[in-house]
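Everything below concerns the one structure shown next.
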Amino acid sequence: MQEPELREPRLHVGLIMDGNGRWATTRGLPRVVGHEAGVGTVRRVARAAPGQGIGTLTLYAFSSDNWRRPAAEVAGLMGLLRLYLAREVEVLRRDGVRLTVIGRRDRLPDGLAEAIAAAEAATRAGTRLHLRIALDYSARDAILAAARAAAPDATREDFARLVTGDGAPEVDLVIRTSGEQRLSDFLLWESAYAELHFTPCAWPDFGEAELAAAMTAFRSRQRRFGGLPAAA
Ligand code: IPE
Ligand code: IPE
Ligand code: MG
């Protein structure tokens, strides 16, 4: 695939994939059908991301607070993730995508942590896109763990490395689908200066066009990082 010439450093986009349940419910379908449809969106968005100037894409798949959902829905989500790994890893490897998973691994169903480690190992060499999946993830827990591990004289950079775990850069843009306008414990440290984009589009209906629209909106923003805009 021919990639457009990049005129800017590759961006880190965080995606809060929301609205699967409502998408299904409004169609009279069980919520898990919405999650199944959402897996297709993950595929489409991961494919489209490098062409949009995205170098790192962090997808919020399951928050630590999502354990509060009914056991059957949780089992459905975990099953879908297992299936995604089984089916997609070879494609990701071929496409030059490095996959890593952030969040806790000690509470996952049997065998899933091993499947994740295998997927990470198989895709380690990918440089075209770093695809991160946030699973049993809580930004507050990540910050708390970093605080516990950090030396008293740790610099901001040292601390950032501890928080992100895998050296991912700061987040440039957070996109949330399905109309909610909140962060729900996602990448709180890394998003200190992230631009925010909220779209009413439900995650199963999100795709290349919606991603492109979000990126166009992002490029129209003036980022200042506390300073003043460059003189015209
Ligand atoms: C996003 O969709 C997927 C997860 C949070 C796991 P939801 O399941 O939150 O869908 P809504 O918000 O109930 O519609
Ligand atoms: C946030 O969505 C978590 C994920 C997208 C995985 P939720 O749907 O769980 O968030 P709240 O409960 O509406 O804030
Ligand atoms: Mg939701």
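Glycine is no exception: its Cβ is also placed from the backbone N, Cα and C atoms.
Feature list (source: TrEMBL):
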ACT_SITE  Asp18  active site
BINDING   Asp18, Glu195  Mg(2+) binding site
BINDING   19-23, Arg31, His35, 63-65, Trp67, Arg69, Arg176, 182-184  substrate binding site
ACT_SITE  Asn66  active site, proton acceptor
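For the binding-site residues shown (Trp23, Trp67), fewest C-beta neighbours within 10 angstroms: Trp67. With the fewest other Cβ atoms inside 10 Å of its Cβ, the least crowded of the recorded positions Ser64, Asn66 in this structure is Asn66. Annotation: Asp18 are the recorded positions among Asp18, Asn66, Glu195 whose CA atoms are within 10 angstroms of the CA of Arg176 (substrate binding site).
Recorded residues Glu195 (Mg(2+) binding site) and Gly19 (substrate binding site) have their alpha carbons 21 Å apart, per Cα-Cα distance.
Long-range neighbours of Gly19 (substrate binding site) (same chain, six or more residues apart, CB within less than 8 Å of its CB): Gly34, Thr177, Ser178, Gly179, Cys201, Ala202, Trp203, Pro204. Screening the recorded positions Asp18, Gly21, His35, Ser64, Asn66, Leu183 for a C-beta under 6 A from any atom of ligand 2 leaves Asp18, Asn66. Of the listed recorded positions Asp18, Glu195, the Cβ environment within 10 Å is emptiest of other Cβ atoms at Glu195. When the Cα atoms are compared, His35 (substrate binding site) and Asn66 (active site, proton acceptor) turn out to be 13 Å apart.
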